[in-house]
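Working notes, structure below.
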């Protein structure tokens with residue numbers, strides 16, 4: 001009869017290899033009357049079910065990419081971060097995932113913890129066939145409006161890819177200046193892996209940028225709220241007025257409330273590709 005430790009290790013190895021318990025061994029374990037064995041077997045069954053659901057979700061998450069790939073078409077997912085904040089750039093990313101990658105926790109970046117986002121950020125960069133980031137700065141947001149600045153950042157990201165995609169899957173938008181095939185998908189970062197991957201790259205990149213901006217303007221706390229309109233951010237804005245990284249069209253109403261209507265210079269263009 002195997003020890004509890006032996007059984008625990010055996011089931012752990014089966015799970016790691018995504019294998020089922022052989023029928024003869026399963027019957028032996030079911031017949032084992034030790035409470036610890038029954039707990040281990042129940043835990044194994046629950047984990048197997050969890051793994052099955054994760055794998056099914058991942059299969060569905062990549063189904064559209066797979067259909068295009070079977071036609072010989074390379075697909076890039078495109079998403080952005082930073083349309084809503086009062087300050088800082090809008091950042092877009094484009095990602096082409098390899099066929100054999102597997103990120104069971106990948107999701108819309110807003111649904112992930114910071115730790116999970118950072119882990120996925122490194123994994124995706126390492127595994128991707130190609131990835132790139134495009135940025136529209138505050139001056140461009142003010143000049144073009146946030147929608148057009150977002151599209152510009154997305155176009156920069158797509159053009160920055162070292163491998164040209166034939167199809168773009170874009171979260172909620174279309175790019176008039178992109179000549180190839182594209183699909184506009186509402187909530188695409190929750191439906192398709194390549195868009196979710198782009199959302200993670202864009203979000204982590206922008207968070208890193210806002211942390212650096214926070215060092216230049218420490219009174220606003222950018223490293224905490226990333227430029228979003230939190231109570232602390234609005235209080236600092238009313239107290240100190242805007243800095244060069246604030247979007248005037250976004251913060252004007254708060255400054256009117258506090259009678260802080262100082263014009264501040266806007267920053268120049270910033271663009272990154274990898």
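Glycine residues also receive a Cβ, built from the backbone N, Cα and C atoms like all the rest.
Together with 79, 80, TrEMBL lists one candidate of 171, 177, 187, 207 for binding divalent metal cation, that being 171.
Proximity of residue 171 (divalent metal cation binding site) to non-local residues of its own chain (separation of 6 or more, Cβ distance below 8 Å) is seen for 78, 79, 80, 185, 186, 187, 188, 189, 195, 198, 199, given in sequence order. The binding-site residues in question are 79, 80, and the one with the fewest Cβ neighbours inside 10 Å is 80. The average per-residue pLDDT of the prediction over the domain 'RNase H type-2' (73-267) is 95, rounded to a whole number.
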